[in-house]
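**Student:** The feature GTP binding site is assigned by TrEMBL to 12-18, 40-42, Arg303, 329-331, 414-416. Positions annotated as active site, proton acceptor by TrEMBL: Asp13. Under the heading IMP binding site, TrEMBL lists Asp13, Glu14, Gly15, Lys16, Asn38, Ala39, Gly40, His41, Thr125, Arg139, Gln222, Thr237, Arg301. The Mg(2+) binding site annotation in TrEMBL covers Asp13, Gly40. Annotation comment: TrEMBL describes His41 as active site, proton donor. According to TrEMBL, the feature active site maps to Lys136. The substrate binding site annotation in TrEMBL covers Thr297, Thr298, Thr299, Gly300, Arg301, Pro302, Arg303.
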Amino acid sequence: MPVSVIVGMQWGDEGKGKIVDLLASAYDYIVRFNGGDNAGHTIKVGDKKFGLHLIPSGVFYPEKIKVIGNGVVINPDSLLKEINEVESAGFSLSNLFISDRAHVILSWHKLLDGIEDSKNEIGTTKRGIGPTYCDKAARTTAIRIVDLLDRQKLETRVNKILGLKKSLIKIYSGQDSDLNSAQIINSLFEFGQKIKQRVVNAPYLLNQAVKEKKNILLEGAQGTLLDIDHGTYPYVTSSNTVSGSASSGSGIPPTKINKIFGIIKAYTTRVGGGPFPTELSDEIGEKLRQKGGEFGTTTGRPRRCGWLDMVALKYTAMLNGTTDLVITKIDVLNGFDQLKVCVAYEIDGKKTTEFPSDIDSLASVKPIYKTFKGWIITNDEWEEAKQNKKIPEPCQQYVNFIKRELKAKVAILSYGPGREQTIIF
Ligand code: GDP
Ligand code: IMO
Ligand code: MG
């Protein structure tokens with residue numbers, strides 16, 4: 001039985017949360033493997049809705065085992081708040097486990113992210129993600145979940161790091177911070193005590209599950225174009241978001257992974273700064289934003305909107321080795337006279353289908369478009385399409401084009417935020 005990965009194929013917010021919830025019924029374990037509470041994954045069943053930031057999107061299934069993997073960075077306040085929200089809504093989280101190797105977002109990380117982001121144009125979520133992964137790579141200035149469980153060790157560690165961070169904040173902002181060592185140690189230790197029953201040596205738990213042929217769904221955050229190595233650097237997040245990172249972020253080896261679901265929004269969105277070749281800064285872009293409700297789940301910022309970009313998608317399908325395509329928000333494209341899909345870039349007068357690594361080149365791209373006929377499909381027609389597993393024309397042509405270009409099967413088509421508004425092929 002499969003170990004599957006779900007990744008976003010664009011710049012995030014492709015609808016990963018909805019698809020994880022939809023598929024979760026067939027899996028025993030749901031595992032988050034990267035990012036932190038910069039992610040916002042929306043799941044909606046009936047009139048119940050959650051915007052999850054850290055807990056895997058399987059909360060409607062209390063019996064499933066949910067794991068926050070070592071690749072995730074954890075903000076203690078966000079995690080406790082989220083656990084409380086989910087449990088208060090009546091969904092038990094007794095099956096939520098946390099890797100002892102996951103790194104902790106500390107108060108100085110958030111402060112530094114805010115200060116640094118005000119000096120550049122990345123437009124981060126200001127959740128402290130970049131500074132935390134920075135310390136993870138630095139090794140000597142990081143705190144992991146396992147460090148929270150021994151008060152003596154925690155004290156030594158915080159006291160070693162805090163002076164350095166205070167000096168850094170002073171240099172960056174010109175101001176003294178009121179970070180208090182005793183307060184920080186107390187609250188981190190208290191957090192550790194609250195979660196200690198959930199803390200596990202996750203690779204053993206997960207590889208035992210693999211051995212027992214359990215079904216495991218590895219849930220990615222962000223999107224491939226935000227990957228620290230392969231994305232539109234430096235306008236990216238600070239972790240790897242490609243399917244390969246599902247392995248390093250969970251401890252399940254690549255040889256055990258059988259399926260890679262690549263989630264594609266039927267058009268493109270992006271939050272924050274950075275090049276976006278098919279961006280529409282006109283009334284069509286605004287129409288997409290309004291119809292698609294394109295406002296951030298985490299920060300509430302309006303998302304930038306544009307046409308589908310096949311150059312970018314071919315690049316991300318290649319990076320992820322996508323086996324199963326999932327197209328979401330196809331309903332949002334209802335009622336446009338015509339739709340455009342970018343099929344090549346023109347850079348300095350030359351045509352290319354290669355996604356450039358240099359952001360100045362990407363920013364100078366003139367997109368070359370193929371035009372598709374628009375459609376109007378009513379809710380009843382979508383229900384009928386779901387029964388017959390046959391997409392009405394000319395929407396079918398749009399979907400077929402994506403499938404052909406990306407050389408992978410379309411496994412799921414989503415035509416609304418609800419779990420039931422989905423055609424599974
Ligand atoms: P994620 O970060 O990839 O999980 O995506 P987000 O939750 O940030 O954003 C996707 C938004 O689109 C959420 O509000 C979802 O409820 C919604 N959504 C997901 N699939 C569909 C769909 O097929 N149609 C429509 N109209 N909304 C959808
Ligand atoms: P989900 O999982 C969309 C973007 C931020 C910013 C850049 C760096 O919901 O798809 P960071 O705070 O990570 O240092 O910000 O990355 N970003 C996302 N955009 N969806 C996300 O997650 C994102 N997580 C980070 O807007 O441009
Ligand atoms: Mg999101």
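Each residue, glycine too, has its Cβ placed from N, Cα and C.
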**Student:** Can you give me the Cα-Cα distance between Asn38 (IMP binding site) and Thr298 (substrate binding site) in Å, rounded to a whole number?
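**Tutor:** Rounded to a whole number, the Cα-Cα distance is 7 Å.
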**Student:** Should any of the recorded positions Gly40, Lys136, Thr299 have a Cα within 10 Å of the Cα of Gly12 (GTP binding site), which are they?
**Tutor:** Gly40
**Student:** For a Cβ distance below 6 Å to any atom of ligand 3, name the binding-site residues from Thr125, Thr298, Arg301, Pro302 that qualify, or say none.
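**Tutor:** So the answer is none.
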**Student:** Measuring Cα to Cα, how many Å separate Thr298 (substrate binding site) from Thr125 (IMP binding site)?
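**Tutor:** One finds 8 Å between the Cα atoms of these residues.
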**Student:** Around the substrate site formed by Thr297, Thr298, Thr299, Gly300, Arg301, Pro302, Arg303, which additional residues qualify by having Cβ within 8 Å of the site's Cβ center?
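**Tutor:** Apart from Thr297, Thr298, Thr299, Gly300, Arg301, Pro302, Arg303, the close residues are Gly40, Val271, Phe295, Gly296.
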**Student:** Radius 10 Å, atoms counted are CB only; among the binding-site residues Asn38, Thr42, Thr125, Thr297, Thr298, which position scores highest?
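**Tutor:** The residue with the most neighbouring Cβ atoms within 10 Å is Asn38.
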**Student:** For ligand 1, which among the recorded positions Asp13, Gly15, Lys18, Gly40, His41, Lys136 have a CB under 6 Å from it?
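**Tutor:** Checked recorded positions vs ligand 1; flagged Asp13, Gly15, Lys18, Gly40, His41.
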**Student:** Reduced to three states, what secondary structure does DSSP give Lys136 (active site)?
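**Tutor:** DSSP assigns Lys136 (active site) to helix.
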**Student:** Could you state the CA-to-CA distance between Thr297 (substrate binding site) and Tyr415 (GTP binding site) to the nearest Å?
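**Tutor:** Rounded to a whole number, the Cα-Cα distance is 19 Å.
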**Student:** Which ones, of the recorded positions Thr42, Lys136, Gly300, Arg301, Pro302, have a Cα no more than 10 Å from the Cα of Asp13 (active site, proton acceptor)?
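**Tutor:** Final answer, ordered: Thr42.
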**Student:** I'd like to verify something. Among the binding-site residues Thr125, Gln222, Gly300, which ones have a C-beta closer than 6 angstroms to some atom of ligand 2?
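**Tutor:** Passing the 6 Å Cβ check against ligand 2: Thr125, Gln222.
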**Student:** Do me a favour and check the Cα-Cα span between Gln222 (IMP binding site) and the residue listed as 'active site, proton donor'; whole Å is fine.
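**Tutor:** For Gln222 (IMP binding site) versus the residue listed as 'active site, proton donor', the Cα atoms are 9 Å apart.
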